[in-house]
Amino acid sequence: DPLLMVWVTSALFAVILSAALLRHYAEPHTRLYVLALVCFSWSLTFFIVLLLPFDLEHAFCEQCRQGAEGLEKDASSCACLPNPGIELLPTCISFAYGTTMLLGYVMNDLLMGFINSGEFTKRGKLRDSLREAAIFYVPAAAVGLGFVLWLVVHDGLTFTTIRALCRALLNTIGLFILVAFLGYGLVEVPRSLWNQGDVLGQLRYLQFKVAVKSEELQGARRKLDETLELVKATDAQLRNEAASSTSQGYSRLQANMAQMVARCPALAAAAPLATARESDGGELKAGREGASPSLKDKSDRAVAAPSANRLPDRLTHKALVALHLRLIKALASDKRARGMYELYVRQGLRQQLAVEQYRRSLSRWHGSSGCSAPHSEAWTETALVLLKPLAMRAAAVSCSVLSAVFVWCEGTILLDGHPFYLNLSPLSYLFQATSSGGGGALNLLLLYIPILYCAVCTYFAMFRMKLCDFYALHPHGHSDASSLLFNATYACRLGPPLCFNFLKLIHDQDLFVEPPDDNPSASKVDTFFSHTSFGAMDRIPIFKGEYFSNFAPLLIVVLSGFTYINLGSEIMGCCSRCCPCLGTPSFSFDEDFNDTRIDHGERILASEQQALAEGTPLGSNLQLLSGATSDSEEAARAKKGRRSVTRWNRLGEDNL
């Protein structure tokens with residue numbers, strides 16, 4: 001069956017894509033059940049998007065056949081793909097929709113809470129996860145139940161209508177997430193491709209990132225040292241309390257403390273990185289473990305713990321759980337910071353070679369004009385080096401055109417309803433013209449191009465989402481289980497809204513019109529997705545009248561404008577005053593952008609290149625770049641007009 005083969009191919013493509021993304025992001029020793037759940041979540045949301053073109057193609061075909069029957073023409077003239085098994089499409093859409101809602105709002109959150117718990121037993125982790133979930137879901141359920149009771153008393157709604165309303169509220173959350181991601185991705189995807197064509201700009205960017213990652217690495221090492229000192233001091237205090245007590249109540253605390261201390265010698269590597277070695281494909285081997293100092297080596301510094309790390313007068317199980325959670329986070333941050341620093345150092349060194357090769361090819365190209373033709377191999381190498389940036393720029397221009405079309409379509413959805421009734425969507429007119437003869441392979445291909453680009457922009461933003469560095473995906477195997485589950489939770493909420501938004505873009509109500517009165521046997525053709533709770537949002541109270549679904553896409557236009565003028569980074573900078581983890585140094589590919597981190601990063605790359613040549617462990621001679629700031633940061637600092645305070649000199653810190 002050709003159609004069934006395409007369905008199977010789509011499902012396999014979704015699974016293979018999810019597995020490839022997991023291989024790229026997940027840590028090597030991530031638990032299998034976490035990998036399986038994340039892969040299933042990603043595959044399901046990808047599969048929903050891949051099903052929509054089949055749904056639309058089948059609707060085009062049915063509309064063409066009904067039109068041919070009304071005109072007493074041969075229905076075989078309609079171009080349609082073989083559709084045995086098409087009756088499974090509503091079941092697949094309903095199953096995928098319900099499963100993604102279950103994963104996105106319940107299961108992934110519970111498992112993420114289980115993994116993030118600082119408890120020492122599985123039972124304790126499960127209890128902690130349920131407690132964390134109850135903190136949000138119990139008040140939300142109470143408010144929702146009160147709202148439902150008010151609707152029942154005030155408007156007399158039935159149970160079926162209330163259930164549809166609850167689903168619509170969940171759909172609204174997903175739609176707002178889609179608005180944020182798509183508004184960002186429609187601008188950043190073309191911009192990222194354009195910047196990839198800037199060879200010299202990429203080198204400056206990597207030098208900047210090397211300097212930033214060196215700062216993060218030093219900060220992670222310092223926090224890990226402080227945590228290890230606190231663990232040592234806590235262990236000593238617990239021993240003293242247990243020795244002076246005659247009760248047996250400390251046996252459980254000592255067992256928990258032993259479990260915590262067992263993590264430290266093997267994993268708490270606040271020392272230099274292990275010897276840097278490249279893999280066969282030039283990839284990085286993440287998570288190297290260098291020589292780990294034992295806790296006894298830190299006993300002298302444990303006594304002088306900072307005031308923020310002051311021990312309680314009496315140790316309890318709750319205090320050990322909090323310390324265990326802090327230790328887990330410190331170990332993960334140190335491991336991630338070391339891996340990301342090494343990653344950007346190697347990328348920077350490779351980009352230096354690429355810049356040198358680009359300059360040689362450019363001079364060879366200019367030198368060969370007017371002279372004899374160069375050697376064929378040299379000519380091929382020169383052409384490939386020079387054409388790659390041009391190809392990236394051409395791809396950026398093509399994506400910019402698609403993004404402009406999408407932004408235009410999103411902004412004009414509002415005019416589709418009362419009182420204008422205008423359809424200004426180029427995509428709608430395109431599919432009105434191509435669907436007049438039915439569906440077919442060409443229509444299916446034309447449907448896949450815009451929806452896949454829309455999905456790429458959305459998931460591009462999703463995979464680049466960072467929340468205080470803890471729930472952010474890091475490439476080359478540096479993403480922990482919590483970050484993967486956090487991302488999978490949002491992925492489950494994006495599939496149905498993405499399909500709903502695409503149907504609004506093409507004005508599906510204009511594509512599928514009511515059948516003529518002279519053909520009573522015909523029924524109105526519609527997509528199967530329109531019969532789901534997401535597709536029926538326009539018929540649900542509060543959302544009735546298409547006001548919400550027409551105004552919400554307008555936010556995509558606003559967010560795209562904010563992203564284009566880089567207003568989002570300014571807003572994040574303001575928010576960083578209240579939440580410092582949101583404030584991250586930003587880089588601009590503008591030629592007038594100046595930042596001392598670029599110069600510091602260049603010196604770090606030169607030092608690390610020499611260290612690699614000598615076989616020295618990568619990062620062993622790393623120095624923190626004190627005072628490296630951008631022009632905008634200096635201006636903001638001067639604007640505050642505050643007296644500068646003495647900064648901690650990290651260059652003199654021991655064991656860095």
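Note: Cβ is positioned from N, Cα and C throughout, glycine not excepted.
Any TrEMBL annotation is an automated prediction that lacks curation.
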May I ask you to indicate which of 95-114, 255-274 is given in TrEMBL as transmembrane segment?
95-114
For the record in TrEMBL, which of the ranges 278-306, 626-654 is the region 'Disordered' one?
278-306
Take the C-beta pairs under 8 A between the transmembrane segment (441-462) and each of 6-25, 32-52, 168-187, 394-421, 547-567. Which stretch has the highest count?
168-187
Below 8 Å between Cβ atoms, which of the listed ranges 32-52, 394-421, 547-567 makes the most pairs with the transmembrane segment (168-187)?
547-567
Using a Cβ cut-off of under 8 Å, list the residues of the same chain at least 6 residues beyond the transmembrane segment (547-567) that approach it.
172, 175-176, 179-180, 182-184, 186-188, 403, 407, 410-411, 413-414, 416-417, 500-501, 504-505, 537-538, 586, 588
